[in-house]
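Below: one structure, written as structure tokens.
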Amino acid sequence: MRKPIIAGNWKMFKTFEEAIQFVDAVQDKLPSNEKVDAVICAPALYLPTLVQVASESELAIGAQTMHYENEGAFTGEISPAQLASVDVDYVILGHSERREYYNETDEAINKKVAAALAHNIVPIICCGETLEEREAGTTEQKVAGQIKAALAGFEAQQVEHMVIAYEPIWAIGTGKTATADDANQVCGAIRSVVEELFDAATANAVRIQYGGSVKPDNVHELLSKEHIDGALVGGASLQPESYLTLLEAAANA
């Protein structure tokens, strides 16, 4: 039985005060960590403070991206060593916005996954197709290619502790979402790729999230599906009430 994981991706939202207020509002109301992992991936500027504010709760704090080098002349970047030094638990890697706006490649994402693992940070590896690819019927081919590239060079026991997030690009922030059956089909295909690369036990252990306009009114159906183990959530993670609703749905899935 895979434990669900709900990860909020705040992107470039919230002031410092708003971020602290959010954590204060949710940290005493979280479902048991035995039932669901609760994660907030906040802007990098806030990470050290949020880790401290949430330290007495079961809320895990994550980053939204990172470099793969530990140090160097990379202006504006944040290293895995720096994230680890402030006790960040998770990091989102390969989000479609990073791929599109910052030209992140599959090769770079693979290096970032390795760097995260080396510092005991759980990578949330994103994959997903464009609307054009979906209409062309190449969704599973595209996603399989991204996953194979991201997982290249790793051992099964490493992959078991990763999180994979399927986010169809056309559904991110658009209000559109894949049907629960469609999302489950692609998440199942991802699990099959993991089995092909490693083995059935690894495929059964790895957690696969769905992301793309996940909201309190559709999360129950999504989480009822066999291959969907949680959600990577944007807008619905910005308000304490909706975030807690998502967590409760996952805890009772």
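Here the Cβ of each residue, glycine as well, is placed from N, Cα and C on the backbone.
For reference, Swiss-Prot has these:
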- H95: active site, electrophile (ACT_SITE)
- E167: active site, proton acceptor (ACT_SITE)
- N9, W10, K11, G173, S213, G234, G235: substrate binding site (BINDING)
- S213: phosphoserine (MOD_RES)
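It is G234 that, of the binding-site residues G173, G234, has its Cβ surrounded by the most other Cβ atoms within 10 Å.
The two recorded residues, G173 (substrate binding site) and H95 (active site, electrophile), show a Cα separation of 13 Å.
Sequence-ordered, the extra residues of this chain that approach the substrate site, with Cβ no more than 8 Å from the Cβ center of N9, W10, K11, G173, S213, G234, G235, are F13, I172, V233, A236, S237, L238.
Taking all protein chains in view, 28 other C-beta atoms sit within 10 angstroms of the C-beta of E167 (active site, proton acceptor).
Under DSSP, the residue listed as 'active site, electrophile' is assigned to coil, being neither helix nor strand in the three-state scheme.
A simple way to gauge crowding: the CB of W10 (substrate binding site) has 21 other CB atoms within 10 angstroms, across all the protein chains here.
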